[in-house]
Amino acid sequence: MFVQEEKIFAGKVLKIHICTMDGTEWLEEVTEDTTVEKLKEKCLKHYVHGSLEDPKTLTHHKLIHAATERVLTDSKTVADENLKDKEVLLLIKKRPPPTPPKMAEVSSEEKKKQDNKAPDKDAILKATGNLSTRHTDRTVTQHNIRDFQTELRKILVSLIEVAQKLLALNPDAVELFKKANAMLDEDEEDRVDETALQQLTEMGFPESRAIKALRLNHLSSQASSEESSRQDELTEIFKRIRRKREFRPDSRAVIALMEMGFDEKEVVDALRVNNNQQDAACEWLLGDRKPSPEDLDKGIDTNSPLFQAILENPVVQLGLTNPKTLLAFEDMLENPLNSTQWMNDPETGPVMLQISRIFQTLNRT
């Protein structure tokens, strides 16, 4: 039997999933030594149901690796591009290059730019000199557009108070929060309780910080057997966590704002109020400086429709009974940039998502 040489040395056969912009899909069989250009030609023939009449059609299309959004090189082989079986490629028509303008069009365009040139200051004053002066309260307008990050802080402060009351009823709460509070203390110990370490990491703390916390604290102390004593001890732990919550300003933002002429205390206050956002802090410094730093530890009106809607949400209600949620709230107050971490956490993420959705819904109305 005669066997073609190319069949003998052909590489492994792969089935590549091809998709087009109009939703057409099919499987294309190719060997590993097939060039991307040949694969593209096969795809185009399948797509147009026949031969390619216009040879430029091949150069006017490209293949893109869907998973990595990488454009494949025509001269490389399937193996060179490291394509695997059943991978998805997109067949897309390239954007045509812009047509260069004719000389007459260029002159016309330049003339149009001159005609549409913005007026200078003298021209503006001359044109508006007879207009009456109108005063608008831009501050009121700006404050009517509530910023979620600013409101979130107030919401978290109030939710922490609710969560503390709920968790005080949990018989294991004292031990859990002693371990969490360990991260806030400063005394050095060498011993590490493996069970306590596991509990802390499961609550979302990085292992390195948890180990340090366990060494800083003797976490083997026992909770009081009496209910009233246990609740008093838990209350003291909550107070310590809040007292030691310390804001850490972004050092680069501090330098940038101080270079604008503001003193360090003003800058730190501005960054604290605006969650370390430099642009927002600059606007706060140049504006009426509301809310004030003292307002940060004030919670939201607990009788407001927003807070009531949040408390009535079943996902939030369940989350408030989880010690990890309270610790997440505390961490977000101290480090607002950690919000993303807690949004992606499987336990605290659903709670944060519901709070955001409720806020956006009521804010639109």
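A Cβ is built for glycine as well, from the same backbone N, Cα and C atoms used for every other residue.
What TrEMBL says about a protein is an automatic prediction, not a curated fact.
According to TrEMBL, the feature compositional bias 'Basic and acidic residues' maps to 108-122.
Residue counts of the domain 'Ubiquitin-like' (14-98) by helix, strand and coil are 17 helix, 29 strand, 39 coil (DSSP-based). According to TrEMBL, the feature domain 'Ubiquitin-like' maps to 14-98.
Annotation source TrEMBL lists domain 'UBA' at 191-215 (among others). Mean per-residue pLDDT, taken over the domain 'UBA' (191-215), amounts to 69.
The feature domain 'UBA' is assigned by TrEMBL to 248-288 (among others).
Sequence annotations record features per position, and here TrEMBL assigns region 'Disordered' to 94-122.
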